[in-house]
Amino acid sequence: MNENLFTSFTTPTMMGLPVVVLIIMFPSILFPSPNRLINNRLVSLQQWLVQLTSKQMLAIHNHKGQTWALMLMSLILFIGSTNLLGLLPHSFTPTTQLSMNLGMAIPLWAGTVVTGFRHKTKASLAHFLPQGTPIPLIPMLVIIETISLFIQPVALAVRLTANITAGHLLMHLIGGATLALTNINASVALITFIILILLTVLEFAVALIQAYVFTLLVSLYLHDNT
Amino acid sequence: MASPVPVKEKKLMDVKLGELPGWILMRDFTPRGIAGAFQRGYYRYYNKYVNVKKGSVAGISMVLAAYVLFNYCRCYKELKHERLRKYH
(Lines of atoms letter the chains of each structure in order from A and count residues from 1; the text may use other names and numbers.)
(Lines give C-alpha, C1' and ligand atoms only; values in the text may rest on other atoms or scores of the structure.)
Protein backbone atom coordinates (compact mmCIF):
# COMPACT_ATOMS: atom_id res chain seq x y z
CA MET A 1 0.00 0.00 0.00
CA ASN A 2 2.90 2.32 0.67
CA GLU A 3 3.98 2.42 -2.92
CA ASN A 4 0.40 2.93 -4.11
CA LEU A 5 -0.09 5.87 -1.84
CA PHE A 6 2.50 8.07 -3.47
CA THR A 7 2.25 7.00 -7.08
CA SER A 8 -0.45 9.56 -7.69
CA PHE A 9 2.09 12.29 -7.02
CA THR A 10 4.63 11.21 -9.61
CA THR A 11 5.08 13.27 -12.77
CA PRO A 12 2.64 11.86 -15.28
CA THR A 13 4.07 10.33 -18.41
CA MET A 14 2.06 8.35 -20.92
CA MET A 15 4.13 5.93 -22.96
CA GLY A 16 7.19 8.03 -22.25
CA LEU A 17 5.68 11.35 -23.31
CA PRO A 18 5.57 14.05 -20.64
CA VAL A 19 1.86 14.63 -20.32
CA VAL A 20 2.44 16.96 -17.37
CA VAL A 21 2.77 19.95 -19.73
CA LEU A 22 -0.71 19.25 -21.12
CA ILE A 23 -2.12 18.90 -17.62
CA ILE A 24 -0.64 22.22 -16.52
CA MET A 25 -2.05 23.94 -19.61
CA PHE A 26 -5.49 22.35 -19.26
CA PRO A 27 -7.13 24.91 -16.88
CA SER A 28 -6.60 27.64 -19.46
CA ILE A 29 -9.22 25.99 -21.70
CA LEU A 30 -11.81 26.50 -18.99
CA PHE A 31 -11.38 30.30 -19.04
CA PRO A 32 -12.53 31.57 -22.45
CA SER A 33 -11.70 35.16 -23.22
CA PRO A 34 -14.60 37.64 -23.36
CA ASN A 35 -15.25 38.85 -26.88
CA ARG A 36 -18.32 41.00 -26.63
CA LEU A 37 -20.05 43.45 -24.36
CA ILE A 38 -22.50 40.82 -23.14
CA ASN A 39 -21.03 37.33 -23.13
CA ASN A 40 -22.26 33.82 -22.58
CA ARG A 41 -23.01 32.61 -19.06
CA LEU A 42 -19.66 31.00 -18.39
CA VAL A 43 -17.67 34.05 -19.37
CA SER A 44 -20.02 36.42 -17.54
CA LEU A 45 -19.74 34.39 -14.37
CA GLN A 46 -15.96 34.38 -14.58
CA GLN A 47 -15.87 38.11 -15.31
CA TRP A 48 -18.00 38.81 -12.26
CA LEU A 49 -15.78 36.67 -10.03
CA VAL A 50 -12.59 38.25 -11.34
CA GLN A 51 -13.92 41.76 -10.82
CA LEU A 52 -15.06 40.94 -7.29
CA THR A 53 -11.71 39.43 -6.35
CA SER A 54 -9.58 42.08 -8.00
CA LYS A 55 -11.44 44.96 -6.40
CA GLN A 56 -11.00 43.41 -2.99
CA MET A 57 -7.37 42.49 -3.49
CA LEU A 58 -6.10 45.64 -5.14
CA ALA A 59 -7.83 48.10 -2.85
CA ILE A 60 -4.85 48.38 -0.51
CA HIS A 61 -2.30 49.17 -3.19
CA ASN A 62 -1.17 52.51 -4.54
CA HIS A 63 -0.74 53.22 -8.23
CA LYS A 64 2.59 51.41 -8.46
CA GLY A 65 1.23 48.33 -6.74
CA GLN A 66 -1.81 48.20 -8.99
CA THR A 67 0.40 47.60 -12.02
CA TRP A 68 0.70 44.07 -10.59
CA ALA A 69 -3.06 43.52 -11.01
CA LEU A 70 -2.78 41.17 -13.99
CA MET A 71 -0.08 39.10 -12.32
CA LEU A 72 -1.98 38.69 -9.06
CA MET A 73 -5.29 37.87 -10.71
CA SER A 74 -3.81 35.30 -13.05
CA LEU A 75 -1.96 33.80 -10.09
CA ILE A 76 -5.07 33.31 -8.02
CA LEU A 77 -7.00 31.97 -11.02
CA PHE A 78 -4.27 29.51 -11.87
CA ILE A 79 -3.74 28.18 -8.36
CA GLY A 80 -7.48 28.04 -7.63
CA SER A 81 -8.37 26.22 -10.84
CA THR A 82 -5.43 23.81 -10.58
CA ASN A 83 -6.29 22.92 -6.99
CA LEU A 84 -9.97 22.43 -7.79
CA LEU A 85 -9.23 20.26 -10.82
CA GLY A 86 -7.03 18.14 -8.59
CA LEU A 87 -10.09 17.09 -6.64
CA LEU A 88 -11.45 15.16 -9.61
CA PRO A 89 -10.77 11.41 -9.40
CA HIS A 90 -7.43 10.14 -10.70
CA SER A 91 -6.24 13.59 -11.70
CA PHE A 92 -2.76 14.99 -11.19
CA THR A 93 -2.37 18.28 -9.32
CA PRO A 94 0.68 20.25 -10.41
CA THR A 95 0.66 22.29 -7.21
CA THR A 96 1.62 19.21 -5.19
CA GLN A 97 5.07 19.44 -6.72
CA LEU A 98 7.41 21.57 -4.64
CA SER A 99 9.41 22.41 -7.75
CA MET A 100 6.48 24.18 -9.34
CA ASN A 101 5.49 26.07 -6.21
CA LEU A 102 9.05 27.24 -5.66
CA GLY A 103 9.09 28.29 -9.29
CA MET A 104 6.05 30.46 -8.62
CA ALA A 105 7.02 31.77 -5.19
CA ILE A 106 10.68 32.71 -5.63
CA PRO A 107 10.36 34.96 -8.71
CA LEU A 108 7.31 36.75 -7.34
CA TRP A 109 8.85 37.35 -3.94
CA ALA A 110 12.16 38.41 -5.52
CA GLY A 111 10.23 40.80 -7.74
CA THR A 112 8.64 42.51 -4.77
CA VAL A 113 11.96 42.77 -2.91
CA VAL A 114 13.85 44.14 -5.89
CA THR A 115 11.06 46.64 -6.58
CA GLY A 116 11.31 47.81 -3.00
CA PHE A 117 15.07 48.17 -3.14
CA ARG A 118 14.99 50.06 -6.41
CA HIS A 119 12.31 52.58 -5.56
CA LYS A 120 12.43 53.02 -1.82
CA THR A 121 15.94 51.93 -0.87
CA LYS A 122 16.07 53.54 2.57
CA ALA A 123 12.62 52.32 3.57
CA SER A 124 13.38 48.78 2.35
CA LEU A 125 16.55 48.63 4.38
CA ALA A 126 14.72 50.10 7.35
CA HIS A 127 12.43 47.05 7.34
CA PHE A 128 15.27 45.05 8.80
CA LEU A 129 15.02 46.82 12.12
CA PRO A 130 11.65 47.30 13.83
CA GLN A 131 11.03 50.59 15.53
CA GLY A 132 11.88 51.04 19.17
CA THR A 133 14.28 48.15 19.70
CA PRO A 134 16.76 48.52 22.56
CA ILE A 135 20.29 49.21 21.28
CA PRO A 136 21.99 46.04 22.61
CA LEU A 137 19.50 43.88 20.69
CA ILE A 138 20.07 45.51 17.29
CA PRO A 139 22.63 43.08 15.74
CA MET A 140 20.66 40.01 16.69
CA LEU A 141 17.41 41.51 15.46
CA VAL A 142 18.87 42.44 12.08
CA ILE A 143 19.99 38.84 11.65
CA ILE A 144 16.56 37.57 12.63
CA GLU A 145 14.79 39.94 10.26
CA THR A 146 17.09 38.90 7.42
CA ILE A 147 16.34 35.26 8.05
CA SER A 148 12.61 35.96 8.17
CA LEU A 149 12.85 37.83 4.88
CA PHE A 150 14.63 35.00 3.12
CA ILE A 151 12.29 32.40 4.49
CA GLN A 152 9.24 34.09 2.91
CA PRO A 153 9.44 32.41 -0.54
CA VAL A 154 10.22 29.02 0.98
CA ALA A 155 7.25 29.39 3.33
CA LEU A 156 4.96 30.37 0.45
CA ALA A 157 5.92 27.34 -1.61
CA VAL A 158 6.01 24.79 1.18
CA ARG A 159 2.68 25.99 2.61
CA LEU A 160 0.90 25.40 -0.69
CA THR A 161 2.61 22.08 -1.37
CA ALA A 162 2.05 20.69 2.10
CA ASN A 163 -1.59 21.69 2.35
CA ILE A 164 -2.64 20.25 -0.99
CA THR A 165 -0.51 17.11 -0.68
CA ALA A 166 -1.71 16.41 2.85
CA GLY A 167 -5.34 16.83 1.82
CA HIS A 168 -4.99 14.44 -1.10
CA LEU A 169 -3.15 11.87 1.01
CA LEU A 170 -5.80 12.01 3.73
CA MET A 171 -8.53 11.45 1.18
CA HIS A 172 -6.67 8.46 -0.29
CA LEU A 173 -6.14 6.92 3.14
CA ILE A 174 -9.65 7.44 4.45
CA GLY A 175 -11.15 6.27 1.16
CA GLY A 176 -9.08 3.12 1.33
CA ALA A 177 -10.09 2.60 4.95
CA THR A 178 -13.77 2.98 4.07
CA LEU A 179 -13.49 0.38 1.32
CA ALA A 180 -11.69 -2.04 3.58
CA LEU A 181 -14.19 -1.57 6.39
CA THR A 182 -17.33 -2.26 4.33
CA ASN A 183 -16.79 -6.01 4.59
CA ILE A 184 -15.88 -5.94 8.27
CA ASN A 185 -18.32 -3.60 9.95
CA ALA A 186 -20.88 -1.64 7.93
CA SER A 187 -21.72 1.04 10.52
CA VAL A 188 -18.09 1.99 11.08
CA ALA A 189 -17.73 2.14 7.32
CA LEU A 190 -20.65 4.56 7.23
CA ILE A 191 -18.99 6.79 9.81
CA THR A 192 -15.77 6.72 7.83
CA PHE A 193 -17.72 7.58 4.71
CA ILE A 194 -19.24 10.61 6.42
CA ILE A 195 -15.75 11.65 7.47
CA LEU A 196 -14.70 11.32 3.84
CA ILE A 197 -17.53 13.56 2.68
CA LEU A 198 -16.67 16.21 5.25
CA LEU A 199 -13.04 15.99 4.22
CA THR A 200 -13.97 16.51 0.58
CA VAL A 201 -15.91 19.63 1.47
CA LEU A 202 -12.87 20.80 3.41
CA GLU A 203 -10.66 20.11 0.44
CA PHE A 204 -12.82 22.27 -1.78
CA ALA A 205 -12.44 25.08 0.70
CA VAL A 206 -8.71 24.48 1.11
CA ALA A 207 -8.20 24.56 -2.64
CA LEU A 208 -9.65 28.03 -2.86
CA ILE A 209 -8.22 29.30 0.39
CA GLN A 210 -4.68 28.28 -0.46
CA ALA A 211 -4.90 30.14 -3.73
CA TYR A 212 -6.16 33.16 -1.90
CA VAL A 213 -3.51 33.01 0.79
CA PHE A 214 -0.69 32.68 -1.71
CA THR A 215 -1.86 35.64 -3.70
CA LEU A 216 -2.65 37.70 -0.63
CA LEU A 217 0.80 37.22 0.78
CA VAL A 218 2.44 38.16 -2.48
CA SER A 219 0.31 41.26 -2.55
CA LEU A 220 1.29 42.06 1.02
CA TYR A 221 4.96 41.75 0.22
CA LEU A 222 4.26 44.05 -2.70
CA HIS A 223 2.49 46.55 -0.49
CA ASP A 224 5.47 46.70 1.82
CA ASN A 225 7.73 47.48 -1.05
CA THR A 226 5.86 50.02 -3.18
CA MET B 1 -16.80 3.75 -58.75
CA ALA B 2 -14.91 6.88 -59.76
CA SER B 3 -16.82 9.88 -58.45
CA PRO B 4 -17.16 13.12 -60.47
CA VAL B 5 -15.90 15.32 -57.55
CA PRO B 6 -12.23 14.83 -56.52
CA VAL B 7 -11.84 12.94 -53.26
CA LYS B 8 -9.77 15.59 -51.51
CA GLU B 9 -12.41 18.29 -51.45
CA LYS B 10 -15.28 16.18 -50.19
CA LYS B 11 -16.52 16.36 -46.61
CA LEU B 12 -16.24 13.26 -44.47
CA MET B 13 -19.88 12.31 -44.71
CA ASP B 14 -19.77 12.34 -48.53
CA VAL B 15 -16.69 10.15 -48.81
CA LYS B 16 -17.50 6.57 -49.75
CA LEU B 17 -16.09 3.82 -47.56
CA GLY B 18 -13.69 2.57 -50.21
CA GLU B 19 -12.22 6.02 -50.66
CA LEU B 20 -11.66 6.52 -46.92
CA PRO B 21 -7.94 5.57 -46.65
CA GLY B 22 -7.12 7.84 -49.58
CA TRP B 23 -9.11 10.67 -48.01
CA ILE B 24 -7.33 10.31 -44.66
CA LEU B 25 -3.91 10.31 -46.30
CA MET B 26 -4.69 13.49 -48.20
CA ARG B 27 -5.39 15.49 -45.02
CA ASP B 28 -2.98 18.19 -43.94
CA PHE B 29 -0.58 16.70 -41.38
CA THR B 30 1.83 19.63 -41.16
CA PRO B 31 2.09 21.34 -37.72
CA ARG B 32 0.00 24.18 -39.11
CA GLY B 33 -2.63 21.75 -40.27
CA ILE B 34 -2.75 19.93 -36.94
CA ALA B 35 -2.99 23.23 -35.04
CA GLY B 36 -5.81 24.25 -37.35
CA ALA B 37 -7.60 21.00 -36.67
CA PHE B 38 -7.37 21.50 -32.89
CA GLN B 39 -8.57 25.08 -33.25
CA ARG B 40 -11.51 24.06 -35.42
CA GLY B 41 -12.44 21.29 -32.99
CA TYR B 42 -12.25 23.62 -30.00
CA TYR B 43 -14.40 26.29 -31.59
CA ARG B 44 -16.89 23.72 -32.82
CA TYR B 45 -17.40 22.47 -29.25
CA TYR B 46 -17.31 25.94 -27.73
CA ASN B 47 -19.88 27.42 -30.10
CA LYS B 48 -22.20 24.47 -29.75
CA TYR B 49 -22.25 24.04 -25.97
CA VAL B 50 -20.81 27.08 -24.20
CA ASN B 51 -21.16 30.17 -26.37
CA VAL B 52 -24.96 30.02 -26.41
CA LYS B 53 -27.60 32.22 -24.89
CA LYS B 54 -28.56 29.84 -22.10
CA GLY B 55 -25.52 27.69 -21.61
CA SER B 56 -25.81 25.15 -18.84
CA VAL B 57 -23.46 23.18 -16.64
CA ALA B 58 -23.40 20.41 -19.27
CA GLY B 59 -20.96 22.40 -21.37
CA ILE B 60 -18.07 22.27 -18.93
CA SER B 61 -19.05 19.02 -17.21
CA MET B 62 -18.55 17.14 -20.49
CA VAL B 63 -15.05 18.58 -20.65
CA LEU B 64 -14.37 17.60 -17.03
CA ALA B 65 -15.70 14.09 -17.62
CA ALA B 66 -13.36 13.72 -20.61
CA TYR B 67 -10.51 14.96 -18.39
CA VAL B 68 -11.31 12.34 -15.74
CA LEU B 69 -11.42 9.64 -18.44
CA PHE B 70 -8.07 10.77 -19.83
CA ASN B 71 -6.48 10.62 -16.39
CA TYR B 72 -8.00 7.20 -15.76
CA CYS B 73 -6.45 5.88 -18.97
CA ARG B 74 -3.18 7.44 -17.91
CA CYS B 75 -2.98 5.59 -14.59
CA TYR B 76 -4.76 2.39 -15.61
CA LYS B 77 -1.56 0.44 -15.23
CA GLU B 78 -1.32 1.14 -11.50
CA LEU B 79 -5.07 0.86 -10.96
CA LYS B 80 -5.22 -2.63 -12.47
CA HIS B 81 -3.95 -4.06 -9.20
CA GLU B 82 -6.69 -2.48 -7.11
CA ARG B 83 -9.63 -4.19 -8.73
CA LEU B 84 -11.95 -6.29 -6.53
CA ARG B 85 -10.95 -9.73 -7.71
CA LYS B 86 -10.09 -12.90 -5.89
CA TYR B 87 -7.02 -13.60 -8.02
CA HIS B 88 -4.99 -10.68 -9.37
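Cβ atoms here come from the backbone N, Cα and C positions, even for glycine.
According to TrEMBL, the protein carries these features:
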TRANSMEM  A:12-31  transmembrane segment
TRANSMEM  A:67-88  transmembrane segment
TRANSMEM  A:137-158  transmembrane segment
TRANSMEM  A:170-198  transmembrane segment
TRANSMEM  A:204-222  transmembrane segment
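Away from its own ends, the transmembrane segment (A:137-158) comes close to residues 98, 101-102, 104-106, 108-110, 113, 127-130, 214, 217-218, 221 of its chain (Cβ-Cβ under 8 Å, at least six residues beyond either end). Non-local neighbours of the transmembrane segment (A:204-222) in the same chain are 57-58, 60-61, 65, 68, 72, 75-76, 79-80, 83-84, 86-87, 95, 104-105, 108-109, 112-113, 115, 152, 156, 159-160, 163-164, 167; each lies 6+ residues outside the stretch with a CB under 8 Å from one of its CB atoms.
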